[in-house]
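S.K.: Sharing a structure here in structure tokens format.
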């Protein structure tokens, strides 16, 4: 079983480390995504290029790589392997070896692995994100609010192990958004659709 668990973790990491935002913007001929806006490779920064279609595609593919890793691991290793694949995918997106361990902030992958493990929680995350984004126009705040609620939701609905996993992922997500949190506190955070 140890071998299966390691395989699930590695599989998740490899899936998660695929930098779709960077790949899509290069194919589209835009400037290097890491040199504009926040320098992040995720969908929010892709949106700052003005290419809404590319941003949507990045969001979708970043989420689906997490979902795919979870479902594949579940197929060969069960629920425990699926959760390890979720962890691996999240870490792979945050710290991809191909980009010198400088990746995205993990929101789309967070949604994707959540979708693969327990889809009602992913639905709740999306509703919370959309509601917060609609009222505040802050992508970062929307993600932080939704992620904060996710482990609580999982625990409440009888998934303590999964809740523990997502508590860890949420802490990592908050850490990756530490600069956004500072800007939110100072009132200098960019709103959705704004270019930096």
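Every residue number used here counts from 1 along the chain in the order it is shown.
A Cβ is built for glycine as well, from the same backbone N, Cα and C atoms used for every other residue.
Pulled the feature table from Swiss-Prot, pasting it below:
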- 4-24: transmembrane segment (TRANSMEM)
- 70-90: transmembrane segment (TRANSMEM)
- 111-131: transmembrane segment (TRANSMEM)
- 152-172: transmembrane segment (TRANSMEM)
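Could you give the neighbours, burial and distances for every feature on this list?
M.R.: Within its own chain, the transmembrane segment (111-131) is flanked in space by residues 62-71, 74, 82-83, 85-86, 89-90, 142-143, 145-147, 149-150, 153-154, 157, 159, 162, 166, 169, which lie at least six positions past its ends and keep a Cβ under 8 Å from the stretch.
The list of residues near the transmembrane segment (152-172) in space but at least 6 beyond its ends in sequence, with Cβ under 8 angstroms from a Cβ of it, reads 83, 86-87, 90, 94, 106, 110, 113-114, 117-118, 120-121, 124.
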